[in-house]
Amino acid sequence: MSLIRKKGFYKQDVNKXXXELXKTYVSPTHVGSGAYGSVCSAIDKRSGEKVAIKKLSRPFQSEIFAKRAYRELLLLKHMQHENVIGLLDVFTPASSLRNFHDFYLVMXFMQTDLQKIMXMEFSEEKIQYLVYQMLKGLKYIHSAGVVHRDLKPGNLAVNEDCELKILDFGLARHADAEMTGYVVTRWYRAPEVILSWMHYNQTVDIWSVGCIMAEMLTGKTLFKGKDYLDQLTQILKVTGVPGTEFVQKLNDXAAKSYIQSLPQTPRKDFTQLFPRASPQAADLLEKMLELDVDKRLTAAQALTHPFFEPFRDPEEETEAQQPFDDSLEHEKLTVDEWKQHIYKEIVNFSPIARKDSRRRXGXKL
């Protein structure tokens, strides 16, 4: 089969992996690679801006890989908020569907992520600003009907101006059981996700924000469980062992009898648990690290907490204009059918001017 290539592309090895990039993007430099693909940075000749280019590894290897690739493309395309990573461009060197095997996602380049800088000592002002941005991003994602489910420091990208963007949202639902080589980080996960003990809603992500904020305050992972049971034990040491009202909501009979077998204990005093935290920070943490999903704050409610008063701008707390369309989510399609859908999206893609914050916080990492 002859591989006819489009004009305007060039081949280059980036960290021993062959990349075929549009000529608009120059000076590719390897950034990292993982189970799902590799990322390089490059300069967009048109704007002079640095971008991140992600090449998915073997997107059409199986139905699961192809479906995940389609979902990632659509999610990135849908999200248009300054605190959520979105799609600047998408391209393929293939000139037709027949020779379409790879595609590249272009996003804003961010210097680092929270995991890499967790050892820093964060001032309360920095914590306010970073957590405020996490919640703004989550309010937007949730308003589109998407739940992150796997929020952790490693998928919160930040730059030197303390601007934050949420990565890898909405992909976790496929990742756990189906993708090999994927390790679930349970430390930041809400107990109802780890244990499937009760219905869950969008506040699973708020629990994760609570864990991340606590770690920024103390420099230590809050709940570092060795396994699922140890994770639950560590959580209950902080939240207290809940009473009958909570236990009645549990769907899982084993979880129910386990909780009932434990002596009831009160919640720890958060001002003592987090001596560095201001009373408002401790109060917010207490409301985010709430075992009962019906009582836990939503992102929109958390944004109104007095802790964020110095940075709050309700005009920036926007919602998605329409819900994310996952109508193909439940379809059983072949690899070739997913491929057609993806190719069509790439061919029809037109970049949207992405707005960034109207103001600068003045905070530096």
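Glycine is no exception: its Cβ is also placed from the backbone N, Cα and C atoms.
The domain 'Protein kinase' feature in Swiss-Prot is assigned to 25-308. The ATP binding site feature in Swiss-Prot is assigned to Val31, Gly32, Ser33, Gly34, Ala35, Tyr36, Gly37, Ser38, Val39, Lys54. Positions annotated as phosphoserine by Swiss-Prot: Ser47, Ser350. Residues annotated as active site, proton acceptor in Swiss-Prot, with sequence analysis given as evidence: Asp150. Taken from Swiss-Prot, the feature phosphothreonine applies to Thr180, supported by similarity to another entry. Annotation source Swiss-Prot lists phosphotyrosine at Tyr182, citing similarity to another entry.
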## Note on the structure
Within 8 Å of the Cβ centroid of Val31, Gly32, Ser33, Gly34, Ala35, Tyr36, Gly37, Ser38, Val39, Lys54, the other same-chain residues by Cβ around the recorded ATP site are Lys55, Ser57
### Task
Compute the average pLDDT of the predicted model within the domain 'Protein kinase' (25-308).
91
### Query
CA-CA, which of the recorded positions Ser47, Asp150, Ser350 lies nearest Gly37 (ATP binding site)?
Asp150
### Query
Does DSSP give Val39 (ATP binding site) helix, strand or coil?
strand
### Query
Reported as an integer number of Å, what is the Cα distance between Val39 (ATP binding site) and Ser350 (phosphoserine)?
22
### Summary
Among Val31, Gly32, Ser33, Gly34, Ala35, Tyr36, Gly37, Ser38, Val39, Lys54, which the record lists as binding ATP, the farthest-apart pair of C-alpha atoms sits at a distance in angstrom of 14
### Query
So of all those recorded positions, Val31, Ser33, Ala35, Ser47, Asp150, which one's Cα sits nearest to Ser350 (phosphoserine)?
Ser47
### Message
Going by a 10 angstroms cut-off between Cβ atoms, which of the binding-site residues Val31, Ala35, Val39 has the sparsest surroundings?
### Response
Ala35
### Query
Could you state the CA-to-CA distance between Ala35 (ATP binding site) and Ser47 (phosphoserine) to the nearest Å?
31
